[in-house]
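Read the structure below first, then the notes.
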């Protein structure tokens, strides 16, 4: 297939950084046909671990491979020219493959169709390849994928068998294996070195539990983990030390938009039994796992007492200020009265001076 031919253009040597956990390099490519609206749109996004670092969009005013992380901006003009050329060439091949698949599935040109491809590699703490990926999907369904042995293919329907036979005829698996074991790993090490401070950090989650009434006798407890990196995290609920995996609602880890991630897990519990349930949070950024319970707010009586004390205290302060103001004003008025009385007395009248005849 023409789709895979351009992976081998990613050859480069790189310095292998010291690392303590697995890392991954992934490229996600998508082509969407738009009948009556011109050529299919083609998009590439590249990720190192959970961080997007490059993007290409054929609908941009000037389609180019663009940086999406500060650290990749260290690459020079040659890098961006080369990546842009490869992206544009890959886009042309995707459009050809879209037309080919229309024939395989006996589909018409007046419907929109989607072709997706993910490829990349994982490396372990020792810097060696853990696993390589090369997977293709058509209209949201698995189409063909390279097996974990990197030597054979899995086709998911009759149409994809055609692509499998073509790939086997030219030993496409050998080409993919060469890329995944070599250049893919080398590029990943290079990116880890360039983005070391960002990519190899561990931001611990900030966690708390919220309380949501569900019915007269049930409530939902939701355990939140916010602001963590990397994305790998485990949230569990326990009742008296036993995990509630089957009774727990768990959402997928979501990007927060600031380079960190968020996730929550929820359980429905009987009203009044909330304190028997604990949430446990596991993340590499934590020195030890977190254990949380729902903390009810202070009782209404306590709140009323506090409010009453504050009201009385405020009244005392205001009253004291008023009394002080009145006393000060009275002293001030008394001084002015004595002065006026003295000026008005006869001893200070001009008649005490010698009068003219």
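Using N, Cα and C of the backbone, Cβ positions are placed for all residues, glycine too.
Positions annotated as signal peptide by Swiss-Prot, on the basis of sequence analysis: 1-20.
What Swiss-Prot records for 21-304 is topological domain 'Extracellular', and it gives sequence analysis as the kind of evidence.
Per DSSP, the secondary structure of the region 'Alpha-1' (21-110) breaks down as 33 helix, 27 strand, 30 coil. According to Swiss-Prot, the feature region 'Alpha-1' maps to 21-110.
Among the features that Swiss-Prot reports, region 'Alpha-3' is placed at 203-294.
The annotation domain 'Ig-like C1-type' is assigned in Swiss-Prot to 205-293.
Look at Swiss-Prot and you will find 295-304 tagged as region 'Connecting peptide'.
In the predicted model, the topological domain 'Cytoplasmic' (328-357) shows an average pLDDT of 39. Per Swiss-Prot, the feature topological domain 'Cytoplasmic' maps to 328-357; the stated evidence is sequence analysis.
Residues or ranges marked as phosphoserine by Swiss-Prot: 347.
Each residue in the region 'Alpha-3' (203-294) gets a DSSP state, and the totals come to 3 helix, 52 strand, 37 coil.
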